[in-house]
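According to TrEMBL, the protein has these features:
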- 5-192: domain 'VWFA' (DOMAIN)
- 200-219: region 'Disordered' (REGION)
- 232-288: region 'Disordered' (REGION)
- 232-248: compositional bias 'Basic and acidic residues' (COMPBIAS)
- 271-288: compositional bias 'Basic and acidic residues' (COMPBIAS)
Amino acid sequence: MVLEAVMIVVDNSESSRNGDYAPTRFEAQCDAINILFQNVIQGNPESSVGLMSMGGKGPEVLATLTVDQGKILEGLHRTKKNIRGSAHLATGVQVAHLALKHRQNKSQRARIVVFVCSPIEDVESDLVKLAKKMKKANTSVDFVLFGDIDEDNTQKLKAFNDQVKGSGEGSHLEIIPPSSKLLSDQLLATPILLGENAGAGGAGGGASAADEFEFGVDPSQDPELALALRMSMEEEKARQERAARAEAEAAGQNTLETVKEENESTPLLGKDGEPSGNKKDDDKMDTS
């Protein structure tokens, strides 16, 4: 998997108190961020994740790049008590980019994931300039737009995405409307978590589910079943590997036991485990 350094930007503006995403927009973000953290670290243990907020008086770095999920949880807990004001999207992206520039492992791919659930006050032209800067710095920017999915927000983020997205991987815009499903569950089926090969099943409709999705299950429809099937497959693969190793070791041991020394007509040990050969000769006393 890709070695990357990811800065996650959480929207803790006043709009994040809204309950159209269960239980609230902010809590929905927290669940999604935990899954995103696990996805990055499990994909490559040498990757790292940081956290920052962009609401209130201005952006704030809550956790520098780390592999400790506890620091991410602590940052989210502190931010829950600081939900206020409006979101500062452009400034938040710039601060996240600055944090990534100071990453210790420069071989990590720089990536920013921004959750947006409030009106975007930044001017579109300024966002386009920022997007060009991110592209020049080889930093991918993913947006998760939910909550305030109006034409203005969508247009601004689409303009940003069109500029920052290059020919390589990364830089996705995912729009997730309210539904009975959790935000984190819907995020599971997006390229932000699954990579560039995700989302093929959403287009068209002529192919069967088995062709579109792994194991024939749509993760967005039943994420728990998809995860259980994947874990079951990995466990079965590990079991088969253990059985093959045990069989190979047993075959090698049997081969060693049946090998006779040169010019040896009988095994060294009898079937009772005693030395073979002429037992009477062993019992004779030397009278000479």
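Cβ from N, Cα, C; glycine included.
Across the compositional bias 'Basic and acidic residues' (232-248), DSSP helix (H, G, I), strand (E, B) and coil residues number 17 helix, 0 strand, 0 coil. Summed and averaged per residue, pLDDT over the domain 'VWFA' (5-192) gives 95.
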